[in-house]
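Per TrEMBL, the features are:
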- Gly146, Gln147, Thr148, Gly149, Thr150, Gly151, Lys152, Thr153: ATP binding site (BINDING)
- 415-499: coiled coil (COILED)
- 1-11: compositional bias 'Polar residues' (COMPBIAS)
- 12-22: compositional bias 'Low complexity' (COMPBIAS)
- 40-50: compositional bias 'Polar residues' (COMPBIAS)
- 51-61: compositional bias 'Basic and acidic residues' (COMPBIAS)
- 61-406: domain 'Kinesin motor' (DOMAIN)
- 1-62: region 'Disordered' (REGION)
Amino acid sequence: MGSTSKRQLPLSSSSSSSSSSSRAASGQGNAAVRPKTPASRRSVTPNSRVHSNEDDSDSGRVRVAVRLRPRNADDLLSDADFADCVELQPEMRRLKLRKNNWSSESYRFDEVFTESASQRRVYEVVAKPVVESVLNGYNGTVMAYGQTGTGKTYTLGRLGNDDASERGIMVRALEDIIANTSPTSDSVEISYLQLYMESIQDLLAPEKINIPITEDPRTGEVSLPGAAVVKIRDIDHFLQQLQIGEANRHAANTKLNTESSRSHAILMVYVRRSVHEKVEDEISSQEKVNRSDVPGGSRIPIVRKSKLLIVDLAGSERVDKSGSEGLLLEEAKFINLSLTSLGKCINALAENSPHIPIRDSKLTRLLRDSFGGSARTSLIITIGPSARHHAETTSTIMFGQRAMKIVNMVKLKEEFDYESLCRKLEKQVDQLTEEIERQQKLRKNDTDEMEKRLRECQNTFAEAEKNLVTRSEFLEKENTRLELEMKDFLNELNHQKDLNVLMRDEVASLEMSLKHSKLQGQKCIDNQHHKFVCTLLPRVLPCLAKELWAAFSWNTLTIRGASLQWEF
């Protein structure tokens, strides 16, 4: 997955303010001077922020709030005859630190919480704006700093198993993140680490110790390869992981705190969100033009990756007050060493020093993006009211005052979600492959059907052609036979004609012969008749006449046409 765009807010890190010593000498108080910075192109402050008392030009500055711990039993017993060294003016966001009964110094912070402030209000003012920025694609850091026993772990890491109202910033931040992400398109992952005696250890996998820190040479981003990364399903799952981490964290009983944290705890929350159309509407048209489209009209999906660090620093302490010795003393040395390195970095950033000693400690390397980097940072400093710890309280307050001068270049990190695009395109390829296979199968079936029909048509045509040839041959034979018969018939007719002519001639000849014969026969008959009549008849007739006369009364006898008449 490649990075595509990092939009940043052009916030200047320069500030015009004097050092803490000069402020003390002038007697003008120690209110921090806010740096003047140009307005950002796009505010990282969500509209739904509960407390929004900052200007857009001030949105990259480290926000610092102070929280006063209530008096505990030890304070009530030791300082019974002394007034508190701290006086709060929450409506003015000021804190007065008494040096003695007649002198005090005033400090201004972004928010001041009294000892009665609820956990919910602390979260909404300090951490909720950072969480909303993380949900919008910006890196964020929420950190607690203060003396041992002033309530840092209570503010950040309180689980609130028995009372939900006591839940700290860690639990409430994950509640908001889980509630505002979609399990289908977004992901929330965590790593929980501790920095113990300059060794990074995994609280979720205790067997992983001395985890190295690596930096991307191109972007400068810090990563911890080898650290366990757990994908969070819901808030109950997160609470289980947090309980596992807290059980593995180093803690000890000191004079200042019965459960003193001996390591810096760092909760890393990785949020990955897909940019939907509603979010894209907020992006300028020029940025939309700059986004590439893949061939075929598919828009490359955009993903926003952000990281939230919630850092519970171990408390600074004086060995003579905490009573640390042996291993506790070694732990205290490493704690104070890393906190000193952090203080040096913040001093250098506040004074615009050309050299920032980030590499002096692993803690400062882990927090390089939180101070002077691209993350939006909120710092809550915790102090106690007891005058016995005036020096520690002063040091904590000055740490917060210097941190307020730091201005980060807040950046929105967007990346082309090539993995999602690849999965989408692979799915489309699979669908198209299935469709092609289905179409090919249908085409094959159609081809087979057409070939079958073609074969049937060819067979029918061949059979018809065969029948036609047979019929043609039969007709040709019949035609030949008929032609022969016709010729025979014509010959016969001609022969008959000739016969007819002969017959006609013969008939004519016969008629002539007959006519001649008739003529000859008539002459012969006449001759015979004449002979008969002349010779024989006179002899016979008289004898017969008498006999016939008796029977007939003929008087005329015709014989062969000759009529004989006689008279008796």
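Just so it is clear, glycine is given a Cβ too, placed from its N, Cα and C backbone atoms.
It is Gly146 that, of the binding-site residues Gly146, Gly149, Gly151, has its Cβ surrounded by the most other Cβ atoms within 10 Å. Summarising the environment of Gln147 (ATP binding site), the number of other Cβ atoms within 10 Å of its Cβ, over all protein chains shown, is 27.
For Thr148 (ATP binding site), the Cβ neighbour count at a 10 Å cut-off comes to 25, with all displayed protein chains included. The average pLDDT the prediction assigns to the domain 'Kinesin motor' (61-406) is 83. Listed in sequence order, the residues of the same chain lying 6 or more apart from Thr150 (ATP binding site) and placing their CB within less than 8 Å of its CB are Arg69, Gly315, Thr382, Ile383, Gly384, Thr396. In sequence order, Ala144, Tyr145, Gly146, Ser261, Asp312, Leu313, Gly315, Thr382 are the residues of the chain that are 6 or more apart from Lys152 (ATP binding site) and have a CB within less than 8 Å of its CB. Cβ neighbours within 10 Å of Thr153 (ATP binding site), excluding its own Cβ and spanning all shown chains: 25.
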